[in-house]
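Accompanying notes for the structure given below.
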Amino acid sequence: MTLESMMACCLSDEVKESKRINAEIEKQLRRDKRDARRELKLLLLGTGESGKSTFIKQMRIIHGAGYSEEDKRGFTKLVYQNIFTAMQAMVRAMETLKILYKYEQNKANALLIREVDVEKVTTFEHQYVNAIKTLWSDPGVQECYDRRREFQLSDSAKYYLTDVDRIATVGYLPTQQDVLRVRVPTTGIIEYPFDLENIIFRMVDVGGQRSERRKWIHCFENVTSIMFLVALSEYDQVLVESDNENRMEESKALFRTIITYPWFQNSSVILFLNKKDLLEDKILHSHLVDYFPEFDGPQRDAQAAREFILKMFVDLNPDSDKIIYSHFTCATDTENIRFVFAAVKDTILQLNLKEYNLV
């Protein structure tokens, strides 16, 4: 064999090896691209306290590992803090709304609760348990609770305050429902990925309060679906940040902004009209027409109220070709969310069949 032919032979081996490596790289790139496409990014949006964090907790219960005993124990302190926060809010409101205590000893109880530094609460001591129970049973405090739309009070207040005896027992372990009801304002961005039918659903929850929204911007890339939560029960409430602005008007303004963002042109929009259970209770004594004069349906009718609210949001969509998928939900009800998310998952997969190699 001549030197030239040997060199040609070596060269062709090198070329072959180089081609093989290139082919491997191309193959890996295609695989990476396909795998990236098999991840769906779901962005949870909505104003503060619309139920986004509760929705993520439900995904962990329904499609993830749920909450172990140790996980639940980690919520104990937060449950106690939620109880103190709720009673402090009512004690302050009693003063603002000039409501009198029926039982004289509750003035001292109110003072005792007021002086607690909630962030330092880690236990639920006997004297505080008694003070909170006595306050909650006071007709004055009950009147204050009935006027809760006039001040800021967590939706979970009644749930916890009517169950103080159970929560105050030695060795108390929060139930799944206790965990779902805990209110902790979301600061920053929380991601929860879960695997369904070989596809990763990456749910991203961003803080709903105004100060948190500027952090959203970098979440806007490659969003498969926008899941926008509206609290149906907020039609008569004002904002945490501004007490002369209606919460539902703020929610409408945010929804209008979101659906017209160019980033979301190709993202499907799913509207969750949440807290339907609270609406059913509230509509009996707080009339929708007092806050939205254009409502001409019957009073005390939850169905008419929610259909009106749905239409208000759907009418904000400027693009007649874009479908807005909607569901009425109760984020604290695991079975309701299981049922609704099964439908949502089917919708999302149907819309992404070709792109995700599902056909």
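For all residues, glycine too, the Cβ spot is worked out from N, Cα and C.
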Match it up for me: which of 13-26, 41-54, 153-166, 237-250 does Swiss-Prot list as region 'G1 motif'? 41-54
Examine the ranges 106-114, 178-186, 187-195 and name the one recorded by Swiss-Prot as region 'G2 motif'. 178-186
Do you know which of 65-70, 143-148, 299-304, 329-334 Swiss-Prot annotates as region 'G5 motif'? 329-334
Kindly point out the range from 71-80, 201-210, 251-260, 311-320 that Swiss-Prot annotates with region 'G3 motif'. 201-210
Under Swiss-Prot, which of the candidate ranges 214-221, 270-277, 278-285 is annotated region 'G4 motif'? 270-277
By a 10 Å Cβ neighbour count, the lowest-scoring of the binding-site residues E49, D277 is D277
By DSSP, how many residues in the region 'G5 motif' (329-334) are helix, how many strand, and how many coil? 1 helix, 0 strand, 5 coil
Spatial neighbours of the region 'G2 motif' (178-186) not adjacent in sequence (6+ beyond its ends, CB under 8 Å) are 48-49, 52-54, 57-58, 67, 71-72, 75, 78-79, 82, 85, 154-156, 159-160, 167, 205-209, 212, 331-332, 334
Measuring Cα to Cα, how far is S53 (Mg(2+) binding site) from N274 (GTP binding site) in Å? 12
